[in-house]
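Visitor: Attaching a single structure in structure tokens format; questions to follow.
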Amino acid sequence: MIQGERLWQRLMELGEVGKQPSGGVTRLSFTAEERRAKDLVASYMREAGLFVYEDAAGNLIGRKEGTNPDATVVLVGSHLDSVYNGGCFDGPLGVLAGVEVVQTMNEHGVVTHHPIEVVAFTDEEGARFRFGMIGSRAMAGTLPPEALECRDAEGISLAEAMKQAGLDPDRLPQAARKPGTVKAYVELHIEQGRVLEEAGLPVGIVTGIAGLIWVKFTIAGPAEHAGATPMSLRRDPMAAAAQIIIVIEEEARRTGTTVGTVGQLHVYPGGINVIPERVEFVLDLRDLKAEVRDQVWKAIAVRAETIAKERNVRLTTERLQEMAPVLCSEVVKQAAERACKQLGYPPFWLPSGAAHDGVQLAPICPIGMIFVRSQDGVSHSPAEWSTKEDCAVGAEVLYHTVWQLAQGE
């Protein structure tokens with residue numbers, strides 16, 4: 001039933017908004033590029049027969065009424081913002097597939113008991129203000145007031161950017177949904193990994209979203225001459241950092257489920273011929289079970305302290321962020337499982353290592369996700385790609401999942 005070609009054409013058209021010379025997409029929140037993207041998607045929503053509006057957080061919403069307009073709403077969507085020089089599938093696939101689902105329903109005269117709303121959430125990525133999931137936090141009523149003071153690289157605060165975009169930060173609480181008004185939230189998203197590709201499958205059903213902790217390590221010692229300081233006398237923070245990073249890899253591997261990453265490292269003063277006086281790096285540690293993740297962190301912390309003592313360097317750690325894992329709803333997973341079977345695809349279960357808006361919505365409603373195969377597992381890159389055929393399959397599974405949820409009492 002889904003028109004895969006229409007979905008693909010819209011994905012490609014939206015991918016031109018914010019396109020960079022590299023071929024990547026930069027579409028940050030509350031910018032002209034995001035406004036153009038919202039306007040384009042709003043036109044798709046109207047074409048699909050939806051009532052279109054934006055809430056106080058700037059979330060773009062298209063509503064299809066149900067036979068009972070007072071029934072709880074089924075939400076389906078994702079986000080339109082991107083990272084710097086990202087891809088054109090991360091986020092937009094979920095929004096545009098949601099539009100395709102309700103447009104297909106309307107074109108075939110399909111009515112549902114529950115209303116359906118397609119949502120394009122504001123600033124999921126957090127690339128501009130280094131604080132993400134603003135729209136979904138606002139909808140859940142959990143956006144902290146201090147988030148409005150987060151600033152971008154040019155010193156513009158989130159509150160100022162909202163005002164520039166025509167929004168009133170003081171009205172943000174109005175975006176919160178009342179308890180008991182949302183039946184479920186379903187999101188179609190690219191996997192951003194290689195699990196489905198290795199399994200040879202176009203789609204998978206997400207079991208849960210991993211919880212993360214970010215920990216900043218600072219290791220300090222004396223800055224000394226690289227040539228004049230014998231190896232036996234060195235107190236080298238860089239060598240200690242390298243050893244600790246190997247420990248992170250070792251401890252994460254032990255569980256079979258935990259992932260540990262150091263993707264950011266700064267060395268001071270940064271001279272070729274200077275033993276560093278300070279090294280800073282940030283650990284990203286994730287697991288679907290908080291207790292497993294926390295056990296891994298404790299093991300890393302103990303071994304890191306031992307390394308620091310043995311090397312006679314100073315070690316401090318600071319927890320920057322923590323996010324609890326969220327398990328997907330059995331009701332949503334079962335609906336997605338039935339959809340896969342109906343379409344002839346074996347149900348394949350996998351966790352999401354990346355965070356998504358559903359994490360924020362979980363306190364107010366059951367959530368679920370469907371993944372589409374990513375080519376080579378690449379994401380947050382101009383090389384991000386999922387095939388037209390896989391996107392269409394994902395949209396079909398989404399259609400049958402949403403239909404089940406919207407028909408039930």
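Every residue, even glycine, has its Cβ placed from backbone N, Cα and C.
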Visitor: Among D70, D90, which residue shares the divalent metal cation 1 site with H79, H189 according to Swiss-Prot?
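Guide: Same divalent metal cation 1 site in Swiss-Prot: D90.
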Visitor: Suppose a student reads Swiss-Prot and sees D90, H380 listed for divalent metal cation 2. Which of E54, E117, E125 should they find annotated at that same site?
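Guide: So the divalent metal cation 2 site in Swiss-Prot includes D90, H380 plus, from the candidates E54, E117, E125, E125.
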Visitor: Counting Cβ atoms within 10 Å of each candidate's own Cβ, which of the binding-site residues D90, E125 comes out highest?
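Guide: By the 10 Å Cβ neighbour count, D90 comes out on top.
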Visitor: To which of the recorded positions H189, H225, R234, H380 does the lowest count of other Cβ atoms within 10 Å belong?
Guide: H225
Visitor: Given N273 (N-carbamoyl-L-alpha-amino acid binding site) and R234 (site 'Necessary for dimerization'), what distance in Å do their CA atoms have, once rounded to a whole number?
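Guide: Cα to Cα, N273 (N-carbamoyl-L-alpha-amino acid binding site) and R234 (site 'Necessary for dimerization') are separated by 14 Å.
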Visitor: Please work out which residue of H79, R286 has the most C-beta neighbours within 10 angstroms of its C-beta, and give that one of the binding-site residues.
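Guide: It comes out as H79.
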Visitor: Using C-alpha positions only, work out which of the binding-site residues H79, E125, H189 is nearest to H225 (N-carbamoyl-L-alpha-amino acid binding site).
Guide: E125
Visitor: Which residue counts does DSSP yield for the region 'Involved in dimerization' (208-325) in the helix, strand and coil classes, in that order?
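Guide: Reading the DSSP string over the region 'Involved in dimerization' (208-325) gives 44 helix, 46 strand, 28 coil.
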